[in-house]
Amino acid sequence: MLLLLTLLLFAGTVAADFQHNWQVGNEYTYLVRSRTLTSLGDLSDVHTGILIKALLTVQAKDSNVLAAKVWNGQYARVQQSMPDGWETEISDQMLELRDLPISGKPFQIRMKHGLIRDLIVDRDVPTWEVNILKSIVGQLQVDTQGENAVKVNSVQVPTDDEPYASFKAMEDSVGGKCEVLYDIAPLSDFVIHRSPELVPMPTLKGDGRHMEVIKIKNFDNCDQRINYHFGMTDNSRLEPGTNKNGKFFSRSSTSRIVISESLKHFTIQSSVTTSKMMVSPRLYDRQNGLVLSRMNLTLAKMEKTSKPLPMVDNPESTGNLVYIYNNPFSDVEERRVSKTAMNSNQIVSDNSLSSSEEKLKQDILNLRTDISSSSSSISSSEENDFWQPKPTLEDAPQNSLLPNFVGYKGKHIGKSGKVDVINAAKELIFQIANELEDASNIPVHATLEKFMILCNLMRTMNRKQISELESNMQISPNELKPNDKSQVIKQNTWTVFRDAITQTGTGPAFLTIKEWIERGTTKSMEAANIMSKLPKTVRTPTDSYIRSFFELLQNPKVSNEQFLNTAATLSFCEMIHNAQVNKRSIHNNYPVHTFGRLTSKHDNSLYDEYIPFLERELRKAHQEKDSPRIQTYIMALGMIGEPKILSVFEPYLEGKQQMTVFQRTLMVGSLGKLTETNPKLARSVLYKIYLNTMESHEVRCTAVFLLMKTNPPLSMLQRMAEFTKLDTNRQVNSAVKSTIQSLMKLKSPEWKDLAKKARSVNHLLTHHEYDYELSRGYIDEKILENQNIITHMILNYVGSEDSVIPRILYLTWYSSNGDIKVPSTKVLAMISSVKSFMELSLRSVKDRETIISAAEKIAEELKIVPEELVPLEGNLMINNKYALKFFPFDKHILDKLPTLISNYIEAVKEGKFMNVNMLDTYESVHSFPTETGLPFVYTFNVIKLTKTSGTVQAQINPDFAFIVNSNLRLTFSKNVQGRVGFVTPFEHRHFISGIDSNLHVYAPLKISLDVNTPKGNMQWKIWPMKGEEKSRLFHYSVVPFVSNHDILNLRPLSMEKGTRPMIPDDNTSLALPKNEGPFRLNVETAKTNEEMWELIDTEKLTDRLPYPWTMDNERYVKVDMYMNLEGEQKDPVIFSTSFDSKVMTRPDTDSENWTPKMMAVEPTDKQANSKTRRQEMMREAGRGIESAKSYVVDVRVHVPGESESETVLTLAWSESNVESKGRLLGFWRVEMPRSNADYEVCIGSQIMVSPETLLSYDEKMDQKPKMDFNVDIRYGKNCGKGERIDMNGKLRQSPRLKELVGATSIIKDCVEDMKRGNKILRTCQKAVVLSMLLDEVDISMEVPSDALIALYSQGLFSLSEIDNLDVSLDVSNPKNAGKKKIDVRAKLNEYLDKADVIVNTPIMDAHFKDVKLSDFGFSTEDILDTADEDLLINNVFYEDETSCMLDKTRAQTFDGKDYPLRLGPCWHAVMTTYPRINPDNHNEKLHIPKDKSVSVLSRENEAGQKEVKVLLGSDKIKFVPGTTSQPEVFVNGEKIVVSRNKAYQKVEENEIIFEIYKMGDRFIGLTSDKFDVSLALDGERVMLKASEDYRYSVRGLCGNFDHDSTNDFVGPKNCLFRKPEHFVASYALISNQCEGDSLNVAKSLQDHDCIRQERTQQRNVISDSESGRLDTEMSTWGYHHNVNKHCTIHRTQVKETDDKICFTMRPVVSCASGCTAVETKSKPYKFHCMEKNEAAMKLKKRIEKGANPDLSQKPVSTTEELTVPFVCKA
């Protein structure tokens, strides 16, 4: 009672002291003027929108209640040019005014302390009208007393004498309850004089003054935000409806209110609120789409109330001034009112309360309400009453801001009676289905926009309506025959409906898809394709939606189908990540300000059911060794991105459960989502994985790449950079170094911090340069400042041990438009082993050798322990804004491919019809109320169509000759819509300004492909299909527009009469070609659209092609390309190629046939596809080149029609392993019979390098390197009689360079090696290459054409104008004046980075001084293959060349390990391939492929000379040191003789199996292109080279060839030797003809001499705390063990009865295992009880495993006393 009395006294005091702004008994009439317009800003001054005018009457009943009425309302639509801006005054005479359809019913304004707290309206007043009333009444909200002021130090408090104020307040208006900056100041007489409309009744100031109140709203800080948004998943700083969105979006609202008299008692003279919304329509547009609104109230009169407004019938509170949601599907007004609203009991029925007692009662009642609401937790972030109810699976969501939902009087358009949503959807589906068959005109029909309209319409449909629509269409895919052309419209109808349902994204749509799958309507790949898109399209993934998805996932029809199970599982987990785990995505991607959080924070299904289910499935797949399913569940768990997954991955990553390296690598790679949601946690785990040097490089490199996504601290980057100098794994070091150096170059804000750190640690990296085949990370960006676009590309790949092809490739690219990221496109390709793929997948059974080869026998004698082939596993993933596709595979799946391909070929033999359509959308929506109470709507939509229809017929022969005939219509179409506008619900209008762009490609082609692989022929024939002679093949357009759209008219905007495209005044059209041709191009755009015309510039086009979205701007453009044929084209375009080769024989290859000068040869047969010409040119190409092999390519292009032409191009060239000579011949002929135009070009060129290939530097010391070449070009109508260009060139080594090279350390080291008898080790190989450097070029050209000379001279003149070139020109006395000759001389400087170039022409002489090679894209490395510090050049030699040398006393392996060598009389395996273990059968060894059965053996005689055996397949080549300077050669036991002029070749079926030839003075060479090996020897030393195909596939004295020199001493037993002599002896063949030291050492070898190779070892990389367990690791660490530290724990207690299980609502203090209670006490605990069902038992089991679920929000079932420990000790 005392409290009540105190409150009464306080309330009375407040009431007595407060002076009301509204004089009781007075009536105020205000003129209401508002306008809301939209336009494209500077792009056009055309605006479209609506103007409203009305009268507002306000009657002051008492200090807390105002009665009001809006009446005499009128509105007019406008769509016109406003050169003076959107505020241009428009007289009523120029407007078509209509009555505003408002009810005109009176309403109440509830006040408190002079501020508007609530609007009381008639319950029957439409919600759209209520929101407009709020926008009007909101103009009267003036807080001059700081009632809602935020108390901060910066507040400026006004006084009566100095009415200056500045403060911030949290204030509600129709746009939301947001922070408002108040500025109050007196209004000067000058301003009033200049703008008298501000003070329409100046006498009202009395003794006071006129004052101006400025309110600026801060939309970044709001307590109640009203908006609907969808589709911005990748943006971290996005807050829809605010200004935190970079240049993409900005929003402002400013109010100017003029009051008279004083701040405590005043009259509002005028109030104007101006609001502006600016959006980049397509995100990257430079011009903004605008929505501009203004609400203006001006006092018209003030008088005593003569006729009081009637009381409000059926009153209802609307909460506050904030926009209010309603149920768009209800027949009555169901509004969502916040808790602050008064209930019906609080709404006093007497509108004329006047007694102070009643006022006090009301104030106390309000005060009580405020006290209770402030202490209540009802309006938590979990649930707010003003939000719409969460969507159900059966019903469409209540989206109260989107056009189709509020477009008809605030209700969904189906309420209009004019739109039957079912029939309208059906009609749209049939329209689209029919238009898909007129693919050429898809842009004209606006088919893609119709599909978007269909999707939006279906989002308003409930489950029953969708079922009725499906039934009405009478389309069942099970009844469709996919190969029946007569059903093409029905097929299109089904695919349109299917894709529309997929894109709809509502609960009813999902139930439809679920039903399709359960009843088998969609199966396998079609169902998988649908499921893969759902996470991208779902609008409201509520807990019930996800629960239903989970039930579908467990359905056998899904789980038993591999492709469907993979797609569904990954989609389910991606949806969980977006909707439940990733807070950024939860907020940015879904309409949380409309429905609140879609999944309750207290929903533990993710932890109790979803993750455990996936964990069980992973464990089951692991037990069954089902690799595709293992990969699926690894990716699925990683896709969730929740820390809980670490506990699932832990046993596998730490080796407690064995997984393959590939699977562990995928597991680490799947942590990418965790790096986004919890970067610190992910960083810790990834860093520990990286530090484990015993882990495989694939796993570690993947960890490195992901680690960079977590923005590691500087100290961590420093550690990693330093560690590159210590880590022995080149793959990992290469990944770290390349990634850090790539990061250094980035400048964009996103990478700025990490780039700065990378630059600071760069100096700590190892200086070693790594090959590009090793693991690398690249990050590239392109910044387009003028378009506010930054494009990013990330490429990571992990190298292979057994191939140059990476095992893992990850590529992603995305663009940032301001701060808005467009969803990225990611591509991932992984394979466990390239060699396994080659061995097990690409080779057919007949290609595998069945007899034991010589190499296998040697491997058996050496008892080589083979490695098991890595099990073949792999996957391919594509993830973009439309779908996520993941295809895991293993050997068993690949084994099925040949059968599948064979079945497909069999199916298309008869040319069956196909019709495949795919429609996809990417959508983003933002909507919120404007300050005029009308919904603002922004949409960004991308609609894409891919279509293939027609027939394919194929015939394939066993010898890979095949014929394919097809009649196909291929279509790709894309429509991008960026639209800004607002909705007027009372007249079902949507006013829009936007930019639409279209890209359309159509190819209706009849194609015939004939490939004859044995003969090397291929021919394409291409015709346009019949009936398509005038078809549109290409369309591109950008159309800015404004539109006054009737929402009930479900037609594309381009077909609306209210749409006005912004065609520029200087628009012009261009048609090409001017004359008739097979194609016609029409271009339409503005003359001033320079960017469009600049695309003709090849350089700018090339620069923009990688980023095609930057090629357009906002200006109008339209490009169409048509076929322009008069009738059916019966003759095809023919493109044919022929390839042939020829092994040249004597006498053609005799050296005397080589001529020092090459002459262009005119073929005797110039017809297309001439075998005679090909043979002639091959013979000429190989003439005079020893052991040459010639090749020829013959191309023919025939174009029929009016401009018939025949083009022939033939190129022939030769190569030789024996001589350093080469020749190239070319013939080009163009014939156009109808125009009698023929043209020919004949080219002949040759090159010769001397000395020829040398291996030993001592052979080179006295020889001068040089290169001679010449080119002969003849051209004209007949090249035999036409003009000629003759070019001769020489490259030489200057004496200066020779002297410089001779003084380098490389040469000196080689000389020292030669003194010890070692002449071919790597040092001397470098010396040979270094000594062959050429630095002088001299070229002379005979040019008879004056035009060509003039053109060349003009080019020189243009070069001279380049700023960074130092050029001197002499035109007065040119050296070649009067001659038809051009000379070019160039000389490199001593550092080989600059050149002096002198050019002499008949017109001028030019001297280019110190030309930097880098300016022209060349580097020193392009000139050299090696370098030395003496030349100031580094890293030119590849340190890991694929060569192995056995020199006089030392050897070097393939991987560069150097060791002393002494062979003795025993044969030793220098290099041999060996069989592998079949991973599917550990007892079986796989045979070595026939073309990889290679062994090289060597031994020494008493003189220290080396005898060598080479076993290539079934051939045996033996090299025996001879009495002369070169070894004797035996092939299969038969002695052969080779000399400088005579080589030996073994040829089978025009293929050289191997050839033997002389190299230099004393070396013999052997090369086999078939086996990819080569050998050079001189009787004392041997050099062996092998291709990358042998990587990690050989053993012997040359090492294991895995590009890692640390393990080169691997012995036959797969262990490592320490001592070189042990390693050498281990490869001795001791079974026969073996004696001496090698035999003794080999026999004495013990097991301890050979160390077993350490296999990969996993370690503890996930701690207890990181896996979510109780941290027990810290308790035993350190010198001072705190055994009691973790004795006290908290555990949820469980009590079980017969029918219930009860859980403590909060964890209870307990003693840990191994600890006991020292002291106890009793304490009451609340329990929540559940029925004993499956859910309760699952929760119990989870608690028993250590979980402590949060049950604090559950209802209390009972309270019991528990005895709990007070102190626990171990």
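Placement of Cβ uses the backbone N, Cα and C atoms for every residue, glycine included.
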Record feature N-linked glycosylation site (Swiss-Prot), assigned residue among Asn1067, Asn1153: Asn1067
Residue among Cys1310, Cys1615, Cys1634 that, according to Swiss-Prot, closes a disulfide with Cys1466: Cys1634
Disulphide partner cysteine [Swiss-Prot] for Cys178, chosen from Cys222, Cys455: Cys222
Disulfide-bonded cysteine for Cys1598 as listed in Swiss-Prot, from Cys1444, Cys1715, Cys1729: Cys1444
Local confidence of the domain 'Vitellogenin' (22-809) - pLDDT mean: 89
Top Cα neighbour of Asn1067 (N-linked glycosylation site) in the set of disulfide-bonded residues Cys222, Cys1444, Cys1598, Cys1634: Cys222
Nearest recorded site to Asn296 (N-linked glycosylation site) by CA-CA distance, among disulfide-bonded residues Cys178, Cys222, Cys1444, Cys1598: Cys178
Closest of Cys178, Cys1466, Cys1634 to Cys1598 (disulfide bond), Cα positions, disulfide-bonded residues only: Cys1466
Using Cα positions only, nearest of the disulfide-bonded residues to Cys222 (disulfide bond) (Cys1444, Cys1466, Cys1634): Cys1444
Separation of alpha carbons, Cys1444 (disulfide bond) and Cys178 (disulfide bond) (Å): 76
Most Cβ neighbours inside 10 Å, all chains, among the glycosylation sites Asn296, Asn1067: Asn296
Cys1466 (disulfide bond), number of other Cβ atoms within 10 Å: 26
Disulfide-bonded residues listed as Cys178, Cys1444, least Cβ neighbours within 10 Å: Cys178
Rounded Cα-Cα span from Cys1444 (disulfide bond) to Cys1466 (disulfide bond), Å: 20
Rounded distance in angstrom between the Cα atoms of Cys1634 (disulfide bond) and Cys1444 (disulfide bond): 24
Candidates Cys222, Cys1598, Cys1634: member of the disulfide-bonded residues with the richest Cβ shell (10 Å): Cys1598
